[in-house]
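Here the structure is laid out as structure tokens; the discussion comes afterwards.
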Amino acid sequence: MRNAIIRCLFYGSLTFGIWTALLFIYLHHNHVSNWQKKSHEPLSAWSPGKKVHQQIIYGSDQIPKPHVIVKRTDEDKAESTLGMDFNHTNPELHNELLKYGFNVIISRSLGIEREVPDTRNKMCLQKHYPARLPTASIVICFHNEEFHALFRTVSSVMNLTPHYFLEEIILVDDMSEVDDLKEKLDYHLETFRGKIKIIRNKKREGLIRARLIGASHASGDVLVILDSHCEVNRVWLEPLLHAIAKDPKMVVRPLIDVIDDRTLEYKPSPVVRGAFDWNLQFKWDNVFSYEMDGPEGPTKPIRSPAMSGGIFAIRRHYFNEIGQYDKDMDFWGGENLELSLRIWMCGGQLFIIPCSRVGHISKKQTRKTSAIISATIHNYLRLVHVWLDEYKEQFFLRKPGLKYVTYGNIHERVQLRKRLGCKSFQWYLDNVFPELEASVNRS
């Protein structure tokens, strides 16, 4: 009996040992296979993971690596559809809409990064760009921006921009009062140490002068201006840099996709160009079909009479050469049209690059303060008196109450126009935007 028990214990121990050994071999084999598989996967420039704080930042001496977008889990993808069935009668939502101009509740739920759909035309996927292109300084100005929207702007740039083209991101805090934009922002930006500069204005400068401050700290070949509530798309920067590399006097902007203010859903936009009317109100115009003829089709750069002010790229030295912004303009409003006219009339070109896509939250218009309204009028009048020549009467026909409103000293800007040898506004109408002159004849 005793011998039988000993034999049972012996064979039981032997069986357990064999199964343990087999399990170890199986797990080791899986580990090696996974390691070999991962070792052959290319890494993106910033190795984006699920959370920003898990990313590894490489120095500028790293060998360029191709783009790879990490696949997200079903849980992550669900984040992108938040808000489709959102209760829009929520009082908290209403208050936040008034404060920020978009759905902050969903913005917080999305967190500090997400993957957006690739909205480029399929022909864009066949394009290849040189490995040597100008470097870019990204300038993002903000005042009391919602934290998550701002950080998604930054993280999307870091995740989807090759580090060998990205000189720096310059954040200009225009005297924000929101606590989240102070120590909390600094803490999270430590993830991107070495690529981020943050400048905190000691007084409220307004968007125009804040951008000038950011540009003055830039060291990249190209200035890229972004609003503080954007999300860049795949291969967004290379098409812009490539266009500028071919023509240093070309100012370019991406196609602007819409991020819905209520749902924060990322929606593709059609190919359109920037324009304006005699009230100097910016608008989007359809592109003529003949402009997309030829082998490039819908990927061909589109001449644009004007641009909206929030997102564009310009060679830094050229920006300085043509007079930057009018520093005597206040806050924001009109600076985009003034720069558009100056580019075209003074020897440059303005194009939309369809293969570059950037999403932008189309904020709900919040109530403008009297200071903002006064600043916008002031800015428009400076534009009118410097650049419209005899056509300024078309503006005053529509805004007669502004004809005798003061607009400050424009001597410096008039002299700039003479020094640059700029063409007349009539030339602009004849060669760039004849549809605007045609509207005079119809009225």
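Placed from the backbone N, Cα and C atoms, the Cβ positions cover glycine too.
Here is what Swiss-Prot records for this protein:
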type	residues	note
TOPO_DOM	1-4	topological domain 'Cytoplasmic'
TRANSMEM	5-27	transmembrane segment
TOPO_DOM	28-443	topological domain 'Lumenal'
DISULFID	Cys124-Cys355	disulfide bond
BINDING	Asp174, Arg204, Ser228, Trp332	substrate binding site
BINDING	Asp227, His229, His360	Mn(2+) binding site
REGION	301-363	region 'Catalytic subdomain B'
DISULFID	Cys346-Cys422	disulfide bond
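Note: the Cα of Cys346 (disulfide bond) and the Cα of His360 (Mn(2+) binding site) are spaced 29 Å from each other. Under the three-state DSSP scheme, Cys124 (disulfide bond) falls in the helix class. Here the binding-site residues are Arg204, His229, His360, and the one ringed by the most other CB atoms within 10 angstroms is His229.
Cα spacing between His229 (Mn(2+) binding site) and Asp174 (substrate binding site): 15 Å, rounded to the nearest whole number. Cα of Cys355 (disulfide bond) to Cα of Asp227 (Mn(2+) binding site): a span of 19 Å. Helix, strand and coil content of the region 'Catalytic subdomain B' (301-363), in residues and according to DSSP, is 17 helix, 20 strand, 26 coil.
Of all the recorded positions in the list Cys124, Asp227, His360, the shortest Cα-Cα distance to Asp174 (substrate binding site) is found for Asp227. Note on Cys355 (disulfide bond): other Cβ atoms within 10 Å of its Cβ, all shown chains, come to 27. Summarising the substrate site geometry, the residues cited as binding it (Asp174, Arg204, Ser228, Trp332) extend over a maximum Cα to Cα distance of 16 Å.
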